[in-house]
Amino acid sequence: MVSLGAVHSVVYVLLLSVTLVLGGDIVHHDDVAPIRPGCDNNFVLVKVPTWIDGVEKSEYVGVGARFGPTLESKEKRANLTRVVMADPPDCCTKPKNKLTSEIILVHRGKCSFTTKANIADEAGASAILIINYRTELFKMVCEENETDVDIGIPAVMLPQDAGLTLERHIKNNSNVSIQLYSPLRPLVDVAEVFLWLMAVGTILCASYWSAWSAREAAIEQEKLLKDASDDYINTENVGSSGYVEISTTAAILFVVIASCFLVMLYKLMSFWFVEVLVVLFCIGGVEGLQTCLVALLSCFRWFRQPAQTFVKIPFFGAVSYLTLAITPFCIVFAVVWAVYRRASWAWIGQDILGITLIITVLQIVRIPNLKVGTVLLSCAFLYDIFWVFVSKWWFHESVMIVVARGDKSGEDGIPMLLKIPRLFDPWGGYSIIGFGDIILPGLLVAFSLRYDWLAKKNLRAGYFLWAMTAYGLGLLITYVALNLMDGHGQPALLYIVPFTLGTFLSLGKKRGELKILWTRGKPERPCCHIQEDNQSINSHH
């Protein structure tokens, strides 16, 4: 059984969830920086592996400039070239040292980026590395009044720590050599395929569990009616204590509350704040893992007796012996993940906790009819678009993307995400999907299967198969858009909502069942037909 407090905690996770599909940006688009002939490159990340006195050392990451030729994408085609320090270091005047196709290392400041690049080009350098005065990377653009932007060498910005390390080696008379190349991402990474399967599989499992629970409750109602039991009072509310139904008002409030929390995350994003989110995620994850394990083990006859035997515990109420046995394992699992969440394998634990939490949410939180589902998904659709795209106008960056990545927190993203490492991406990183992109459309898909089972519809005549297919296609289109945008985060609900909601509404109208789906959300119960049949038999007698 799920306690009321657990229900509330799960609902809060639903409200705090991120709705975003992301796969590490490789090309950084910028609509603000000026573009004109000779100064129209995309801002691409650049790999900078280093060799010190012939020994391979650290690899750094820089960013290419808006101007100059594009870099080689293949490592094997990138030349290993010696690096020299500019004299003067800012390279705002002609260097005193003679260059023979070396890469020149210069400091940022005193003159424009294009001026430095032109001077380095004329001095015989093969490329220019500019050291930023911060640890972050900076996008190098052309000034509005500059005319000499026909630059013949590539320009790359290095973060301060990387640039100063190279400078120190050069000043120690070490032979420093580097390669410059910007590898392309694969069109499709296996991580995206597995993430798609995880999202679809999670909704599939949760929908069948939800439909099975609804059918069992309907069977109990039917038995009570057949027996003409005095206990059968207000059958609409039988079993309602096991789940929470979302109202139209709650669906609208979702956008308001979720938006407020998202802004709070954005403004307060820091190491300690992410630690608080980790604790909340662990609490919800323990509840989700415990609920799913108890339900799974209860299917086996060896565990049915302890699952059906309860003991009363203060504050928690009646708890089964099986739940007591499972809970310590769930707590240990969540604690181990929290302690080692920065390890390379920690994404596995995060996904297990996340999937079980999502399944639990979809089991106990339900939409009663298509009207509520339409309001909820429409509001979420607008919410997603606003905080991914429109928020840039007010905050000068996408609030949703910044929060999902955990920028300025020192953490590798917030925990309310499913993630898989990008296996064949030369830049590494993770493909991620927010809980909201599974939970919100999952509520509609689960509703469709509950309706089909209660109406005794087969797959082709029902709505579940079509809703599930629409969700899968919507998520697939999201990943297509993600790859076309070079990994720039996409609001998944922008694609998923029209597919799922549009399919459901169109199909309901075509079959003449839209009115029942919209208001009642349930077919005429078999019990009611049985009652009418009994009355007609009695009248014949």
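Along the chain as shown, the residues are counted starting at 1.
Note: Cβ is positioned from N, Cα and C throughout, glycine not excepted.
For 83-166, the entry in TrEMBL reads domain 'PA'. According to TrEMBL, the signal peptide annotation covers 1-23. TrEMBL lists 193-211, 243-266, 272-303, 315-339, 345-365, 372-390, 427-449, 461-482, 488-507 with the feature transmembrane segment.
The transmembrane segment (315-339) shares more Cβ pairs under 8 Å with 272-303 than with any other stretch in the list 193-211, 272-303, 345-365, 372-390.
When pLDDT values are averaged over the domain 'PA' (83-166), the model yields 89.
Across the range of the domain 'PA' (83-166), the DSSP-based residue counts are 18 helix, 17 strand, 49 coil. Among residues of the same chain six or more beyond the transmembrane segment (427-449), those with a C-beta under 8 A of the stretch's C-beta atoms are 13-14, 17-24, 26, 45, 183, 185, 189, 191-192, 195, 199, 202-203, 206-208, 210-211, 246, 347, 354, 357-358, 361-362, 365-367, 369-370, 373, 376-377, 380, 384, 404, 412-413, 416-421, 462-464, 466-468, 471, 474-475, 492-493, 496-497, 500-501, 504, 521. Beyond the ends of the transmembrane segment (488-507), by six or more residues, the same chain brings 19-22, 25, 27, 29, 370, 373-374, 377-378, 380-381, 383-385, 387-389, 398, 400-401, 404, 433-434, 436-437, 440-441, 444-445, 448, 463, 466-467, 469-471, 473-475, 477-478, 481-482, 514, 517 to within a C-beta distance below 8 angstroms of the stretch.
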